[in-house]
Amino acid sequence: SCLCGSAPCLLCGCCPSTKNSTITRLLFTLFLFFGTLVSVIMIIPGVEKELHKLPGFCDGSGSVLGVQTKVDCSSFLGHKAVYRMGFATAAFFCLFAVLMVCVRSSKDPRAALQNGFWFFKFLILVGITVGAFYIPDGAFTSVWFYFGVVGSFLFILIQLVLLIDFAHSWSQRWLRNADEGNAKGWYAALCAVTSIFYAASIAAVVLLYVYYTKPEGCTEGKAFISINLILCLVISVVSILPKIQEAQPHSGLLQASLITLYTIYVTWSALANVPTQRCNPTLLVRNSTASATASEPLTAWWDAPSIVGLVIFILCTLFISLRSSDHPQVNKLMLTEESGAGAGAGAEEEEEGGVRRAFDNEQDGVCYNYTFFHLCLLLAALYIMMTLTNWYRPDESLQVLKSPWTAVWVKICSSWAGLLLYLWTLVAPLLLPNRDFS
């Protein structure tokens with residue numbers, strides 16, 4: 001019943017009563033994390049040696065009952081495996097995105113498919129994953145790389161929307177607390193956090209100039225760092241202009257400092273993909289640890305930008321799954337918590353004996369757009385695929401790893417898009433005075 005029924009029965013007696021929609025989103029996110037964990041295992045260097053230790057499993061490692069096995073362990077590891085796992089996860093969420101189009105409430109029969117049948121969903125994901133490893137090599141990896149680039153760019157934009165919303169909510173909450181209680185303490189906390197963010201950003205910019213540029217050459221790196229530094233200064237100044245403060249009393253340097261720090265991180269991540277060894281010290285490390293030969297799968301140690309990107313990915317996907325925004329405009333943009341959805345739609349129900357249950361809060365209207373939620377997870381799957389492979393592009397023979405300029409420009413453009421988006425949130429109330437931006 002728990003494997004084939006609805007999400008409420010997955011709650012055990014020790015769990016608190018909660019919303020059906022929250023449990024469903026969390027479980028789908030766990031599916032994504034499961035695919036990510038498998039990808040992480042596949043790309044860890046040294047895993048192939050461990051597989052070869054299994055008697056009769058890999059080619060050349062022996063036989064089982066006198067029959068030579070035909071399993072090529074290299075096909076399960078490295079970038080090839082991560083790309084196929086990313087394809088399977090993306091295809092899984094694409095399937096549900098199509099199936100859940102225009103679902104308006106839990107009364108729709110398809111809502112039962114969204115909120116239940118978890119065992120069969122797991123079987124579908126496993127089946128798609130197994131089928132993905134039978135896709136002929138050819139140009140699959142090279143073509144799928146560009147799908148990953150586009151999906152990652154869109155997911156970075158979603159990250160930026162969530163980050164801007166988080167920054168505004170953070171500042172508003174602390175300012176509200178300052179008005180209600182210990183004003184000096186809350187203002188001191190605001191100043192301290194803002195100073196830490198700006199200090200970290202300045203230190204990061206200095207390190208980028210030191211390690212990713214040279215006195216002669218590396219013109220692209222110098223330009224990217226300088227342009228983003230100037231843009232960060234611009235948004236910081238604009239955020240404290242009198243007219244902006246009058247239109248948006250809660251805007252300030254806390255939001256600008258957080259956006260600045262994230263922009264510097266994206267710049268760092270972009271510079272880590274510059275294909276010129278002289279201007280990219282991490283490129284030398286990757287080439288020395290990920291040298292490919294005809295008998296070894298391609299693997300690469302993760303660098304610091306990839307690790308930070310993995311952490312941000314986890315936080316953003318959990319953010320998408322567990323909460324909605326405090327701002328109606330963001331909810332409309334992200335298609336979550338539709339107006340009136342869940343209001344009076346079911347109350348917390350407990351079985352006899354006090355067993356905790358999830359209650360159906362979507363009888364009058366869904367609390368989030370099912371299709372858009374699956375599309376977000378699809379883009380997240382593509383983003384983590386590119387993050388785990390360091391945005392490197394294997395050739396069709398899978399024996400040469402290349403760090404293309406495409407990855408650099410995608411990340412830099414996403415940082416510019418984020419800065420422009422934040423700037424728009426500041427000036428929009430002045431340019432459109434008749435709109436409600438509360």
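Every residue gets a Cβ built from N, Cα and C, even glycine.
TrEMBL labels come from automatic prediction, so no person has curated them.
Per TrEMBL, transmembrane segment is recorded for 26-47 (among others).
Here the transmembrane segment (81-103) has long-range neighbours at 28, 31-32, 35, 38-39, 42-43, 75, 110-111, 113-114, 124-125, 128-129, 131-133, 135, 140-141, 144-145, 147-148, 151, 366, 370-371, 374-375, 377-378, 381-382, 384-385, 388-389, meaning same-chain residues at least 6 beyond its ends whose C-beta is under 8 angstroms from one of its own. Feature annotation from TrEMBL assigns transmembrane segment to 81-103 (among others).
Feature annotation from TrEMBL assigns transmembrane segment to 115-135 (among others).
What TrEMBL lists as transmembrane segment is 141-164 (among others). Distant neighbours of the transmembrane segment (141-164): 79-80, 83, 86-87, 90, 255, 258-259, 262, 266, 312, 316, 319-320, 330, 333-334, 376, 378-383, 385-387, 391, 393-396, 398, 406-407, 410-411, 413-414, 417-418, 421-422, 425; these residues of the same chain sit at least 6 beyond its ends, with a Cβ under 8 Å from one of its Cβ atoms.
Same-chain neighbours of the transmembrane segment (185-211): 171, 174-175, 177-178, 221-222, 225, 229, 232, 252-254, 257-258, 260-261, 264-265, 267-268, 271, 281, counting only residues six or more beyond its ends whose CB sits under 8 Å from a CB of the stretch. What TrEMBL records for 185-211 (among others) is transmembrane segment.
Sequence annotations record features per position, and here TrEMBL assigns transmembrane segment to 223-241 (among others).
Sequence annotations record features per position, and here TrEMBL assigns transmembrane segment to 253-271 (among others).
If you look up TrEMBL, you'll see 304-322 (among others) marked as transmembrane segment.
Taken from TrEMBL, the feature transmembrane segment covers 366-388 (among others).
Counting residues 6+ beyond its ends, the transmembrane segment (408-432) has Cβ neighbours under 8 Å at 149, 152-153, 156-157, 160-161, 163-164, 168, 220, 224, 228, 231-232, 234-235, 238-239, 243-244, 247-248, 251, 255-256, 259, 262-263, 266-267, 269-271, 273-274 in the same chain. The transmembrane segment annotation in TrEMBL covers 408-432 (among others).
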State the residues, same chain only, that lie 6 or more residues beyond the ends of the transmembrane segment (366-388) and have a CB under 8 A from a CB inside it; answer 'none' if no residue qualifies. 19, 21, 25, 28-29, 32, 35-36, 39-40, 43, 82-83, 85-86, 89-90, 93-94, 96-98, 100-106, 111, 114, 147-152, 154-156, 158, 302, 306, 309-310, 313, 316-317, 320, 324, 334-338, 341-342, 407
